[in-house]
Amino acid sequence: MSGDYEDDLCRRALILVSDLCARVRDADTNDRCQEFNDRIRGYPRGPDADISVSLLSVIVTFCGIVLLGVSLFVSWKLCWVPWRDKGGSAVGGGPLRKDLGPGVGLAGLVGGGGHHLAAGLGGHPLLGGPHHHAHAAHHPPFAELLEPGSLGGSDTPEPSYLDMDSYPEAAAAAVAAGVKPSQTSPELPSEGGAGSGLLLLPPSGGGLPSAQSHQQVTSLAPTTRYPALPRPLTQQTLTSQPDPSSEERPPALPLPLPGGEEKAKLIGQIKPELYQGTGPGGRRSGGGPGSGEAGTGAPCGRISFALRYLYGSDQLVVRILQALDLPAKDSNGFSDPYVKIYLLPDRKKKFQTKVHRKTLNPVFNETFQFSVPLAELAQRKLHFSVYDFDRFSRHDLIGQVVLDNLLELAEQPPDRPLWRDIVEGGSEKADLGELNFSLCYLPTAGRLTVTIIKASNLKAMDLTGFSDPYVKASLISEGRRLKKRKTSIKKNTLNPTYNEALVFDVAPESVENVGLSIAVVDYDCIGHNEVIGVCRVGPDAADPHGREHWAEMLANPRKPVEHWHQLVEEKTVTSFTKGSKGLSEKENSE
């Protein structure tokens with residue numbers, strides 16, 4: 001009853017208030033009465049509706065701004081980044097100069113690999129200057145190469161070259177002398193236009209020519225571009241034809257041909273050494289002592305470097321400068337070259353340059369040091385191996401160079417870098433690196449401990465010239481994997497140090513029937529991990545060194561036995577044990 005009474009009382013109160021509001025004069029304009037009437041009739045409140053509309057407009061505006069930002073970001077990624085990347089050079093990766101055209105000279109070939117021509121022509125008397133001045137413009141003295149912080153390949157300014165358009169005095173003198181541009185100059189990379197005219201100039205001594213003379217010289221350049229393919233040279237194109245009416249003018253640049261009947265057959269091929277200036281005693285800068293190239297294969301370009309021996313610290317300093325005219329190993333017409341350096345006969349210690357993408361004329365400018373006593377330097381040889389980097393298969397060997405007489409070469413003037421032909425080598429055994437680990441077996445506990453110590457000289461699997469290696473050890477029995485253990489990942493290194501123990505439980509009665517497969521794997525954030533190399537130890541391992549290590553472990557229980565093992569390619573090892581079926585493809589990939 002109390003509930004009904006209260007409800008009835010509330011209804012009566014509402015009716016009373018409604019009557020009072022109805023009798024009040026100007027009740028429609030009274031805020032309280034209007035609010036009360038709206039509540040009685042169920043109408044929404046005005047301020048609440050305004051707040052809802054304002055909140056909705058704010059949400060819509062915010063969503064529009066977010067969508068606009070997302071659309072701008074997607075447009076930038078899809079349009080601006082590819083357009084910007086198209087501006088890169090097809091050879092050296094640098095920006096393509098828009099002002100290069102058919103009428104430019106060698107100055108247009110910035111980083112294009114044609115500076116071996118300018119360096120060779122700079123030492124000829126027709127160009128009015130000694131040879132070493134031309135080389136000094138390209139390579140600074142060796143003292144500057146050994147400044148603090150220079151190790152590791154600091155960048156040097158790009159070399160400049162002879163540009164006929166930039167020297168109207170010499171161009172006018174060439175036109176007056178009747179010198180014609182060589183239409184069959186050696187192939188130059190197409191960064192600035194491979195068909196630029198190369199003029200052989202007499203000694204300059206005239207005044208400034210007029211603008212008309214400058215225009216005449218630039219019009220002599222060929223109007224067509226030549227593809228970057230070797231084309232035969234004839235004896236006529238190797239020399240320039242001066243005006244026969246002038247007897248006092250010196251003859252054209254004499255470029256000597258290779259001697260001997262066999263070398264005479266190579267006249268129709270490009271020979272970069274013909275354009276190198278002559279050194280002391282008439283010896284060309286590309287030849288001389290210590291030019292013992294590896295093998296007698298066909299030349300695969302040229303490599304430039306500088307040597308110096310530090311007597312105080314017994315250090316042989318080697319600076320890799322650049323390479324020219326490398327062969328194309330990829331389907332896109334380029335290569336991804338890098339250089340490995342050994343000081344023979346020791347092949348365990350090696351250095352490697354960075355990988356240069358999509359170029360046939362890489363500029364390295366990287367310095368390395370070998371510790372070698374002066375008494376041993378005469379018996380040591382410097383070995384350069386030029387490789388083409390391949391992300392998904394074995395790296396291709398482009399060629400190699402072997403140098404002896406290192407002390408004599410190190411005493412060459414520092415401002416004159418050495419040039420050598422890169423000779424095509426035979427199939428070189430894949431150098432995947434070495435792994436150092438120890439084995440220890442506890443018979444009473446039935447525990448086999450594999451301590452991964454370190455690895456050295458691993459194969460570079462990333463474009464940075466490094467790898468992200470980790471070690472995976474698998475316990476194998478009758479060709480089946482029973483257990484596996486892994487080490488941690490070491491980032492950006494080819495010589496990782498682990499010092500990590502991997503423990504396996506092996507019963508004493510089973511130790512004669514099991515073995516280990518140890519693989520060094522390169523970790524990839526995107527895609528599958530790649531095996532760098534493997535080594536296998538056990539009583540029936542195919543490698544004799546693996547069998548010896550296992551037998552020594554069993555002969556010395558409770559003592560760690562440490563050995564170095566050479567890594568081999570996984571596909572070359574068909575089975576872990578002789579006569580076993582081997583690991584399945586799925587197990588190997590895990």
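Every residue, even glycine, has its Cβ placed from backbone N, Cα and C.
These numbers come from a predicted model, not from an experiment.
Under 8 Å from some Cβ of the transmembrane segment (55-75) lies no Cβ of any residue in the same chain that is six or more residues away from its ends. Annotated transmembrane segment per Swiss-Prot: 55-75, in sequence order, evidence recorded as sequence analysis.
Summarising the annotation, Swiss-Prot assigns region 'Disordered' to 143-220 (among others).
Swiss-Prot lists 234-260 (among others) with the feature region 'Disordered'.
Taken from Swiss-Prot, the feature region 'Disordered' applies to 273-295 (among others).
The omega-N-methylarginine annotation in Swiss-Prot covers R284.
Helix, strand and coil residue tallies for the domain 'C2 1' (299-420), in that order: 9 helix, 65 strand, 48 coil [DSSP]. The domain 'C2 1' annotation in Swiss-Prot covers 299-420.
If you look up Swiss-Prot, you'll see D330, D388, D390, D396 marked as Ca(2+) 2 binding site. Within 10 Å of the Cβ of D388 (Ca(2+) 2 binding site) there are 19 other Cβ atoms, across all protein chains.
According to Swiss-Prot, the Ca(2+) 1 binding site annotation covers D330, D336, D388, F389, D390.
Residues annotated as domain 'C2 2' in Swiss-Prot: 431-565.
If you count neighbouring Cβ atoms within 10 Å for each of the binding-site residues D330, D336, D390, D396, the highest count belongs to D336.
When the domain 'C2 2' (431-565) is classified with DSSP, helix, strand and coil residues number 18 helix, 69 strand, 48 coil. Of the recorded residues, F389 (Ca(2+) 1 binding site) and D396 (Ca(2+) 2 binding site) place their C-alpha atoms 7 Å from one another.
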